[in-house]
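Novice: Here's a structure for you.
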Amino acid sequence: MASHLPLYEKIYIKRRFQRVMDTLMLLLLLLLLTYRFFSLLDSFTVPWFLAFLCESWFTFTWIVILNCKWSPAYTVTHLHRLLQHYQQEDELPAVDLFVATADPVLEPPIITANTVLSLLALDYPSNKLACYVSDDGCSPLTFYALVEASKFAKLWVPFCKKYNLQLTAPFRFFSTSHSNLISTEQDSHEFKQERSKMQDMYDKLSRKIEDVTAKAIPFPLDGEYASFLNTDRRNHPSIVKVILENKEGVCEGLPHLIYVSREKRPQHPHEYKAGAMNVLTRVSGLMSNAPFMLNVDCDMMVNNSKVVQHAMCILMDPHKGKEIAYVQCFQKVYDGIKDDPFGNQWVSAFEYIIRGMAGLQGPFYAGTNTFHRRSAMYGLYPHEIETGRNKEKLAESVLIKQFGSSNEFVKSVASALEGNSYSPNDDRSPSNFIKEAIKVSDCKYEHDTSWGSEMGWLYGSISEDVPTGINILKKGWRAESCTPEPAPFTGCAPGGLLSTIVQQKRWASGLTVVFFGKNSPLMGCLFGKLQFRAGLSYCWLTNWGLRSVYLVCYAALPPYCLITNTNFLPKGEGLMIPVAVFVIYYLNSLIEYVTIGLSLREWWNNQRMTIITTSTAWFIGFLSAMVKLLGISDTVFEITQKEHPSKTSGGNNNNNDEEKEEDAGRFTFEDSAVFVTGTTILIVQVTALLIKFMGLQPEAAGDDESGNGAGELVCSMLLVVCFWPYLKGLFKRGKYGIPFSTLCKSALLSFAFVQFSRYTINAA
C-alpha cells in the first residue's frame with residue numbers, strides 16, 4: 001500500500017482579508033480610469049491623457065499581480081513514504097549536480113568551494129550523485145580551489161553524515177549557532193572535539209585558497225595545471241578534469257566531482273550561462289546520465305541536507321510525478337543586511353507572488369536551486385513518458401541531427417528518452433569519457449543542432465531561465481515548488497547599491513527580450529499548452545522593463561505640471577479617488593509585510609527601492625533590450641559580485657571586512673547611465689518644487705481648475721523622499737557622492753526637460 005500513497009501534497013492557503021483589500025484596490029483603480037476617461041471626453045489635455053495611459057498599465061499590472069497572489073500554495077513532502085517506496089538506497093534515482101561560475105574575481109573561488117562541499121555532503125547515497133562545475137572563466141584558481149576542497153571533503157563529508165548536519169557548507173556551519181543542529185550526539189565531547197578539528201582544517205583550506213587567489217604565494221602552472229597555460233578566458237580549448245571519482249560505486253564514498261571549462265573562441269557566440277548549462281548537460285549525459293539534474297549558482301549553499309529526498313518525493317510521486325518537469329526550491333538569504341535597504345532579499349515576493357504562481361501551473365524557473373527532469377530538457381513531452389517516444393524519433397540519424405555528432409552521447413540521449421539510465425554496474429567511470437566530453441564541449445558542436453532553440457537551456461536572452469521554463473511548460477509539463485523546513489538553500493544577496501543595480505538591469509534587459517520574443521507568455525498560451533493564468537502570471541515577470549517606461553513617464557508628470565502650472569490629478573472631491581488608491585495600496589502592502597513578520601523599516605525600504613529600481617535599472621535595461629531587438633547592438637552580460645565569506649574563513653581580509661561593514665546599507669555611486677537616470681529624476685523634481693515655491697509658474701490657462709494643486713505638489717515631494725539617498729549624494733564626495741560627470745549629464749537632461757516644458761506652454 002505504501003507505494004501507492006502520494007509522496008507529496010500541495011496545500012493551498014486562504015487569505016480572505018488580503019483578497020478583500022486587493023479587490024478594493026482594483027475597484028478604485030477602475031473607478032479612477034472611468035473618471036479620467038469621461039473627463040478626457042469633456043476636456044482633452046496631454047497630461048491627463050498620459051496619466052490615463054500610465055494608470056491603465058498600472059491597472060493591468062495590478063490584475064496580473066492579483067492573478068498571481070490568489071492561488072498561494074506550498075508543498076508538504078513525505079520522506080518516510082519515499083523510503084518505503086524505495087526500500088533500498090540503491091533504488092533511489094541518480095541526480096547530477098551542476099554548479100556554474102564565471103569569474104574568479106566577482107565570484108571568489110572560496111565561495112564556489114563551499115557550495116561544492118555542501119553538495120558533496122548531501123544526505124543521499126554518494127554513488128547516486130555526480131557534481132559538475134562549469135568554470136566559464138577558465139581559471140586555474142577555481143580549479144585549484146576545487147582540488148584542495150576535494151581533499152578536505154574526504155573528512156568533511158563523513159563528518160556531516162555522521163552527525164546529520166543540515167548546513168553542509170563549512171563557511172555557513174562554522175559561522176552559525178548550534179541551534180540548527182538536530183542530533184543529540186552533537187552535545188557530546190566527541191562532537192565538540194571533531195568540530196574544532198574540522199574548523200582548524202577549514203581555516204587552513206580557506207587561507208590556502210585566499211593566499212593563492214591574492215597571489216600571496218606562487219602558483220606554478222605545471223602538472224595537472226598545465227592545461228591552463230597560455231589560456232584566455234575568452235579564447236581557450238575545452239578543459240575537462242575528473243577531480244573525484246567513486247569508482248567502486250559505494251554509498252559511503254564521495255560523489256564524482258568533475259571540472260568543466262568549455263571551449264571559447266572570439267568568433268563563436270558562447271551564449272552566456274545557457275551555453276554553459278547545455279555543455280554540462282552533454283558532459284553529464286556521457287559520464288553519469290542521471291535522470292534528474294540540479295543546477296545551482298556558485299553561491300547557493302545547501303541549508304537542508306535532505307533537499308534531494310524532498311525533491312524526489314515530488315518528481316517520483318506515483319500519481320502526479322510524471323507530469324512534473326522541474327522542481328523549484330526557494331532560497332533564503334544569509335547574512336542579509338538588516339531591514340533590506342536595497343530591496344533585494346525578496347521575502348515578500350516569494351511569500352505572495354511566487355508562492356501564488358506555485359498554485360497555478362508551477363513557479364517560474366528561477367535559474368538556480370532547481371531540479372530538472374533530463375528527458376524534459378531533451379524535448380520530451382509529458383505523454384511520451386507513458387507511451388514512449390515514437391521509434392522514428394529515436395532513430396540514430398534523427399538524434400544526431402538534433403543532439404550533435406557524438407555517437408556516444410546520442411546513445412545516452414536515447415537511453416534517457418526511453419526512461420533508462422546507467423547503473424553503477426555499467427562500469428561507466430567518468431574518466432573513461434574525458435575525450436568524448438571534450439568533443440561535446442567544443443564551441444562548434446552545437447552548429448546545426450536543436451540545442452538552445454528547441455531543447456536544453458534556450459538562447460537569445462541573458463535571462464535564460466525564464467524562456468527555458470516557459471518552453472517547458474508550454475509543452476504541457478507542470479512545475480512544483482519545494483518548500484521544506486529549513487529552507488533548502490541559502491544564498492547571498494547583493495550587498496551594495498551597485499551590485500543590486502547591475503543584477504536588476506541584467507534581469508530587466510533579458511526579460512524584456514523574452515516579453516517581445518517568440519518565447520513570450522502570450523505565444524506560450526496561444527500556440528502551446530501554457531495555461532492562461534500561468535501565462536498571465538509570467539507577464540508579472542517579463543514586463544519589468546516595459547513597466548519602467550510607464551513609471552518614468554508618470555514620474556515626469558508632477559514636475560511637468562508644476563513647471564507649466566497645469567494638472568494631471570483631479571481637484572476637489574475628485575482628488576479623493578487617487579488619494580484612496582494611494583492609501584489603500586500602501587496600507588495593503590504594509591499589512592502584507594507585517595503579517596509575515598517584516599519590520600516597518602523594511603517595508604519602507606522595499607517601497608522606496610521599487611521606485612528607484614524600476615525607474616533606473618529596469619529603465620536602462622529596457623533601453624538596452626530595445627537596442628538588441630532592433631539589431632543595433634547586443635546586450636552585455638554583467639556578473640553580479642558575490643560577497644566574500646572572509647570573516648569566518650580565517651583569511652587576512654580585516655580591512656576589507658571593516659570597509660564592507662562601513663558600507664553596509666549605504667548608497668554608493670559611480671559613473672553609470674543608471675545613476676544618470678535617478679539623478680535626473682531627482683533634479684527635475686527639486687527644480688519643479690523651486691519653481692512652485694518661488695512663484696515662477698506661468699498663469700493658469702482658463703479657470704482655476706486648470707492650474708496645479710496639492711496633488712502634484714505631494715507627488716513631487718514623495719519622489720524626492722524616495723530619492724533621498726540621491727539627494728544626500730549630491731552633497732557628498734568619494735564613493736558616497738554622485739560623480740561630477742553624472743551630475744553634468746543629469747543637469748543637462750534636466751535643463752532640456754524644463755525648457756521642453758516651457759516650450760509646450762508657449763506653443764499652446
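The backbone N, Cα and C atoms fix where each Cβ goes, and this holds for glycine too.
Quick caveat, the model's predicted, so the values are computed rather than measured.
Per TrEMBL, active site is recorded for D136, D465. Sequence annotations record features per position, and here TrEMBL assigns UDP-alpha-D-glucose binding site to E107, D136. Residues annotated as Mn(2+) binding site in TrEMBL: K273, D297. Annotation source TrEMBL lists region 'Disordered' at 643-663. TrEMBL lists 20-38, 44-65, 575-596, 616-637, 673-695, 707-727 with the feature transmembrane segment.
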Novice: Would you call the transmembrane segment (707-727) and the transmembrane segment (575-596) in contact, using three or more Cβ pairs under 8 Å, pairs 6 or more apart in sequence?
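Specialist: Contact criterion met.
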Novice: Which stretch, 20-38, 44-65, 616-637, 673-695, tops the Cβ pairs under 8 Å count with the transmembrane segment (575-596)?
Specialist: 20-38
Novice: Please name which of the recorded positions listed here, E107, D136, D465, is nearest in space to D297 (Mn(2+) binding site), Cα against Cα.
Specialist: E107
Novice: Are there any residues at least 6 positions away along the chain from D136 (active site) with a Cβ closer than 8 Å to its Cβ? List them or say none.
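Specialist: For D136 (active site), the qualifying residues are A100, T101, A102, D103, R233, S261, R262, K264, H270, K273, A276.
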Novice: Could you tell me the C-alpha distance between D465 (active site) and E107 (UDP-alpha-D-glucose binding site) in angstrom, no decimals?
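Specialist: Cα to Cα, D465 (active site) and E107 (UDP-alpha-D-glucose binding site) are separated by 20 Å.
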Novice: Note down the number of other Cβ atoms within 10 Å of the Cβ of E107 (UDP-alpha-D-glucose binding site), including every protein chain shown.
Specialist: 26
Novice: Below 8 angstroms Cβ to Cβ, which residues of this chain, lying six or more residues outside the transmembrane segment (616-637), approach it?
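Specialist: For the transmembrane segment (616-637), the nonlocal Cβ contacts are 272-273, 462, 500-502, 504-510, 512-513, 516, 544-549, 551-552, 673-675, 677-678, 681.
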